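Below is the structure I would like to discuss, written out as structure tokens.
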Amino acid sequence: MINEKINVHQFLVLVTLFTIGTTILVVPSGLAAAAKQDAWIVSIVGTGIGFIVIGIYHALVRSYPEMTIIQMNEKLFGKWIGKIVSLIFISLPFIYTSILMIYNGSFLTSHIMPDTPLPVLTMLMMVIVAMGVRLGIETIARSGEIFLVFFFILFAFLVIFVSPNIEFENIQPVFESKINTIFGASINLVVTSTINSVILLMIFPLVTRYKDAIKSFYIGNFIGGAVIIVITLLSILVLGADSTARQAYPSFILARRINVGNFVQRTEGVIAVMWFITIYFKMVLYFFASVLGVSQIFNLKHYRPLTLPMALIVGALSILMFEDVVKQQNFDVKASILYSITVGLFIPLLLLLVHAIRKRKNENKDDPQLIQKRE
Amino acid sequence: MKRIITILTVLTLLLSLTTGCWNRRELNELAITLAMGLDLTKDGKYLVTAQVVNPSEIAGDKGGGGGDSPVVIYQEKGETVFEAIRKMTKESPRKIYPSHLRMLIIGESLAKKGIGKPLDLLSRDWELRSDFYVAVSKGVRAEEVLKVPTSLEKTPANKMFDNLEVSAEAWSATSAVMLDELITDMVSPGKQPVLTGITADIKGDKRTTLSKQNVELIDTPAKIYFNQLAVFKKDKLIGWLNENQSKTYNIITNKEVSTVVNIPCPDGGKAVYQVTKSDSKVKGKIRNGRPEIDINIQVEGNVGEVECKVDLSKQETIDMLEKSYEKEKKEILVKSVKQIQEKYKVDIFGFGDAIHRTDPKAWSKLKKDWDKNFEDLKVNIQLNGEIRRVGTIGNSFLNDIK
């Protein structure tokens, strides 16, 4: 269907960018609101739980390395049920592309360009997202390789220059929160950075060597997790748990604190650039997965003709979906977590279950001894 | 051919998107506000005073500027702060641009009523960075402070900003507090906020002293200076610390960078101990079911001035001076802490946070009634002062004046 291929290293880059994604700007605030100064522990726990989730995906791709999750659905559930499950699955990356568009718009309008009309910002972003998807996964992956370097240079810049402002008193007392709180709060992180990466199973068959690719899945999740842990830790250490929780975008405020000799200061643009890089790739991957998914559901020869029309829908949806920012926050906190768990955890588990049942059935059929016994 | 035309069309269309920021505002459209004052009017409204830079006066070329004042004041009343700021456009030809705000001055009467409400805007609005200092005007209204012309630093806001930084560093009786820290302290149950006081002293006729004539005189008749620290309970001003109490606050909260302390010599006269490094560690503990605070302060410094007859070449003298510094300082510390506990009954030192850090369980019980607990909190102070150097001369020549 598509004959593009990416190599293992490029897949690693994409997983890393996807895991960091939106979390870098938004997550420290939510974690600090739930677990106060222990937010950094939550981010460690969250990254740890992430590995278990990837373990589930691992089990799935071990059995069907050549298939996207859409094709697995059809194979395991049969044609019609499979297509219905696939539609449910594909709704996730599609809607989340819009949601990320909203994130991007609300960050830009509340911090950087308040008077620019939202449709203009959305349009600009949507044009480059659609362009990326049209050019194909190879182009996306290669540009990802370039931008990941940029990202880590800027990240190092942020960490080095903000570190003089660290006050260790801010994380004391350590482990004040109860275990329940820590695990409860970590779900949010697991959902945004790991469970949502279920959509990477759409591009998984495009990776050249799948055995190494699954390894990059784990490593990418680890690198992304490490970035999130560092950002959360820095936010808490520099701003304190209380301010971190109060700010909508704590890491942005973190960058404002940089002041080296009254010379290197007001560098919040750095974090904005980091955010643009990661949110762009996350958005492109979501969008690619949904476009490819739709084309596979309807057995189209190629996904390209779908790109522009779907991009228009995503753009319009992002403006129409929520009336105000509070509704969007409620969706983030309540609905989206359950939605992601249903699609990103429940469907793969169901697939595994059906796979196990079918396998046993087949074995039973083939095994002559068992046939004899039955007789 | 068709391809080239398509590409050209796309590129031309792209050009229209690359014209720069949508809502760009050039320097000549901005009223760059460096200082802002908040007062309470008699009818319960906010009076917002913005001190706006006049860029052509600040600009480098000497003697060029037509002799206008370097800053302009815009004032407006409003039921909310934001309303008042936007109303200023009735008077100001440019929109108030607060991104480069350096000082926020809060009037004493407003501070007594509570500063929480007006501060919300300042932390919510996207144009404000939180890297400005907050001070309370003592005895005068915030607007009066902002109306005083200053010399050395042409813009009064920069004068106040630098003044506060220098004095917090060299004298350590003022406290440079930024907005984030203030808000964190206001909401924290284990530490109450403290802000520096600022006062304007205006002699003579206001019309002339508050004009440029003020900076033409050597002894300027109108002055602004930082004075004392304001103690807050949550967001309400409840009192002022005197100089010793202010210094105590700075030492214990580890804000002291450098200061000088007079110490008595054994046979009369005084010597001066110049602090170069001060480090305090505050530990909270629960002893016999009651909270206690241990403060361990390590001070390093030099002999800065000797106005008595001592032999600085002897080790015993140095030891003796160290001892007498420790005794003198400890007395002040203990007394000041006691006074603050008894008079203001609010925990400005962050002792509650210290207990929270070491014993979160006990803190969850204590925190409900912390102000009461703070009042009879036992505070143990350990002070260790070291003298490292004695300056550029050895024994004072005073010894040889017979």
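Here the Cβ of each residue, glycine as well, is placed from N, Cα and C on the backbone.
Caution: TrEMBL annotation is automatic and unverified by curators.
Feature list, courtesy of TrEMBL:
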type     : residues  : note
TRANSMEM : A:12-34   : transmembrane segment
TRANSMEM : A:40-60   : transmembrane segment
TRANSMEM : A:80-103  : transmembrane segment
TRANSMEM : A:118-137 : transmembrane segment
TRANSMEM : A:144-162 : transmembrane segment
TRANSMEM : A:182-207 : transmembrane segment
TRANSMEM : A:219-241 : transmembrane segment
TRANSMEM : A:270-294 : transmembrane segment
TRANSMEM : A:306-322 : transmembrane segment
TRANSMEM : A:337-357 : transmembrane segment
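Describe the structural context of these features.
Long-range Cβ contacts of the transmembrane segment (A:12-34) within its own chain (Cβ-Cβ under 8 Å, at least 6 residues beyond either end) map to 6, 42-43, 50, 100, 103, 107, 140-141, 144-145, 147-148, 151, 181, 184-185, 188-189, 192-194, 196-197, 200, 203, 216-217, 219-221, 223-225, 227-228, 231-232, 235-236, 241-242, 244-252, 271, 274-275, 277-279, 281-282, 285, 333.
Sequence-distant contacts of the transmembrane segment (A:144-162), counting only residues of its own chain at least 6 positions beyond either end whose CB sits under 8 Å from a CB of the stretch, comprise 9-10, 13-14, 16-17, 20, 227, 230, 234, 238, 254-255, 257-258, 260, 264, 267, 270-271, 273-274, 277-278, 281.
For the transmembrane segment (A:270-294), the list of distant contacts is 2, 14, 17-18, 20-22, 24-25, 68, 70, 86, 89-90, 93-94, 96-97, 100-101, 103-104, 107, 111-112, 125, 128-130, 132-133, 137, 140, 144, 147-148, 150-151, 154-155, 157-158, 199-200, 202-203, 251-252, 254-255, 300, 303, 306-307, 310-311, 314: same-chain residues at least six beyond its ends, Cβ to Cβ under 8 Å.
Long-range contacts of the transmembrane segment (A:337-357) within the same chain: residues 53, 56-57, 59-60, 63, 69, 72-73, 76-77, 85, 88-89, 91-92, 187-188, 191-192, 195-198, 201, each at least 6 residues beyond the stretch ends and with a Cβ under 8 Å from a Cβ of the stretch.
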Sort out the residues at least 6 away from either end of the transmembrane segment (A:306-322), same chain, that have Cβ-Cβ distances under 8 Å to it, and list them.
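Result: 94-95, 97-99, 101-102, 105, 118-119, 122-123, 126, 129-130, 133-134, 287, 290-291, 294-295, 300, 328, 331.
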Using Cβ atoms and a strict cutoff of less than 8 Å, what residues sit near the transmembrane segment (A:219-241) while being 6 or more residues removed from its termini?
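Residues 11-21, 23-24, 27-28, 31-32, 36-37, 39-40, 42-44, 46-47, 50-51, 54, 155, 158-159, 162-163, 165-168, 170-171, 189, 193-194, 197, 247, 250-251, 253-254, 257 contact the transmembrane segment (A:219-241) from elsewhere in the chain.
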